[in-house]
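Comments concern the structure below.
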């Protein structure tokens, strides 16, 4: 399987290198769908200029990246294009090996449940085979590397790509069962963009599964392991933040990065849900509604943990999608990360209800973004309502798509234990309805 992966990597790097050398690179780097005030390469360059002059990069209201990122590019500024191509390649490789190991765990668990007669007798067609799962890791790498969203993000040199790499390595180390490395990469991802904090719960649930520790409030082993993992995570985060202070000799980065993410002061249009509402809102209402909007990312973690505690990797997939939809400054690079997981759930396609319509909605919206932006900003024949309407449609399409996957997953799990052909009490055919 190594040769096909290398081929995919070569094709992906070639496409990116060609686009970097084309006239499209400058155009892509300015697209509001691809970069945000947090991830814009131009803002990184401005921060580097201030740093070279001996001025704090956070002294203005332009740079909002983390100190480790600015010091990374302080030394690698001349190789920025190569750094972003390597970053994408590392993300794909990490996802490839993560899903390869995950499939082994899934098949082993499925085999055990079959031996214990935990499945209904008429669900043979729902059982996954090694041949069916063989090419899934390669498809995941393919979906990530050749996704137009990922390519655009790389060519624009959006720092979202680095965040995706950290999350991918968090997933890999979690599936490998390394609690220490998992905590470190989760801390790095949280340090980079704050929202990956919500991935702590699915990561912990998976590691508990690997240790055969039951998720029970009365279990001493559960609390001991949870405390150890939490301490490794918090300790890593504290070390990273202290290192940032050591580099800058200042705490200015905390309000400039995390305060900026949470308070949403820059209302530059993007593909998110925040900017239009707060541009139209009176200032004295904004704090309340910022809290309401921000809580969406964190609110679903507990109910999802309760419902999907036996399936932490699917929980992780849903949570990454929730972050991509509800974060304050999303870009298409965030969307590309959870889309890479679609091949992992290819066994759910038969249960998806609206996959064709929702796919069409997302594709059409992606094509209309630059059109409506041009009509609004350059032609003057449209206004912000047009652009926000397509943004809202895009996000509703994502929400419905993820909801469809969630429904399909629960439906398949129900069929596995209760049988594929359900009957009502009177013997007639029954239909499964999710409420």
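Cβ atoms are placed via backbone N, Cα and C, with glycine included.
Note that this is a predicted model, so its numbers are computed, not measured.
Residues within less than 8 Å, Cβ to Cβ, of residue 309 (cardiolipin binding site) and separated from it by at least 6 positions along the same chain comprise 205, 215, 315. For 216, 217, 309, the entry in Swiss-Prot reads cardiolipin binding site.
Over the topological domain 'Lumenal' (23-78), the average per-residue pLDDT in this prediction is 91. The topological domain 'Lumenal' annotation in Swiss-Prot covers 23-78 (among others) and is backed by a curator's inference.
The topological domain 'Cytoplasmic' annotation in Swiss-Prot covers 100-136 (among others). For the topological domain 'Cytoplasmic' (100-136), same-chain residues at least 6 beyond its ends with a Cβ under 8 Å from one of its own Cβ atoms are 175-176, 313, 343-344, 346-347, 412, 415-421.
What Swiss-Prot lists as topological domain 'Cytoplasmic' is 206-222 (among others), and the listing cites a curator's inference.
Sequence annotations record features per position, and here Swiss-Prot assigns topological domain 'Lumenal' to 245-286 (among others). Sequence-distant contacts of the topological domain 'Lumenal' (245-286) (same chain, six or more residues past either end, CB-CB distance under 8 Å): 32-33, 36-38, 56, 58-59, 61, 63-68, 71, 193-195, 293-294, 325-332, 335, 369, 373, 384, 387-388, 391-392, 394-395.
Among the features that Swiss-Prot reports, topological domain 'Cytoplasmic' is placed at 307-311 (among others), with the record citing a curator's inference.
Remote same-chain residues near the topological domain 'Cytoplasmic' (346-354) are listed as 126, 128, 132, 136, 139, 400-401, 404-405, 407-409, 411-412 (criterion: CB distance under 8 Å, separation of at least six residues from the stretch ends). The topological domain 'Cytoplasmic' annotation in Swiss-Prot covers 346-354 (among others).
With a cut-off of 8 Å between Cβ atoms, the residues of this chain six or more beyond the topological domain 'Lumenal' (373-384) that come close are 32, 269, 276, 279. Residues or ranges marked as topological domain 'Lumenal' by Swiss-Prot on the basis of a curator's inference: 373-384 (among others).
Per Swiss-Prot, the feature topological domain 'Cytoplasmic' maps to 407-435 (among others).
The transmembrane segment annotation in Swiss-Prot covers 4-22 (among others).
Under the heading transmembrane segment, Swiss-Prot lists 79-99 (among others). Beyond the ends of the transmembrane segment (79-99), by six or more residues, the same chain brings 5, 8-9, 12-13, 16-17, 20, 41, 72-73, 136-138, 140-141, 144-145, 150, 154, 157, 161-162, 164-165, 168-169, 171-172, 175-176, 337, 340, 344 to within a C-beta distance below 8 angstroms of the stretch.
What Swiss-Prot lists as transmembrane segment is 137-158 (among others), and the listing cites experimental evidence.
Annotated transmembrane segment per Swiss-Prot: 159-178 (among others), in sequence order, evidence recorded as experimental evidence. For the transmembrane segment (159-178), the residues of the chain that approach it from at least six positions outside its boundaries are 36, 38-39, 41, 44, 65, 69, 84, 87-88, 90-92, 94-95, 97-98, 101-102, 105, 150, 153, 184-186, 188-189, 192-193, 196, 199, 203, 206-207, 210-211, 313, 316, 320, 331, 333-334, 336-337, judged by C-beta separation under 8 angstroms.
The feature transmembrane segment is assigned by Swiss-Prot to 179-194 (among others), with experimental evidence given as support.
Taken from Swiss-Prot, the feature transmembrane segment covers 195-205 (among others), and the record attributes it to experimental evidence.
Same-chain neighbours of the transmembrane segment (223-244): 66-68, 179-180, 182-184, 186-188, 190-191, 200, 203-204, 207-208, 211, 213, 253-254, counting only residues six or more beyond its ends whose CB sits under 8 Å from a CB of the stretch. Here Swiss-Prot flags 223-244 (among others) as transmembrane segment, drawing on experimental evidence.
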Those residues of the chain, 6+ apart, with a Cβ under 8 Å from that of residue 216 (cardiolipin binding site): 222
Largest separation between Cα atoms (Å) of residues that the record links to cardiolipin, namely 216, 217, 309: 13
Any further residue of that chain within 8 Å (Cβ to the Cβ centroid of 216, 217, 309) of the recorded cardiolipin site: 214, 215, 219, 222
Of 4-22, 137-158, 179-194, 195-205, 385-406, whichever stretch has the most CB pairs under 8 A to the transmembrane segment (332-345): 137-158
Cβ contacts the transmembrane segment (312-331)/the transmembrane segment (195-205), at least three under 8 Å, sequence gap 6 or more: yes
Residue 217 (cardiolipin binding site), number of other Cβ atoms within 10 Å: 6
For the transmembrane segment (355-372), sequence-distant contacts whose Cβ falls under 8 Å of one of its Cβ atoms, 6 or more beyond its ends: 31, 33, 148-149, 271, 332, 349, 382, 386-387, 390-391, 393-394, 396-398, 400-401, 404
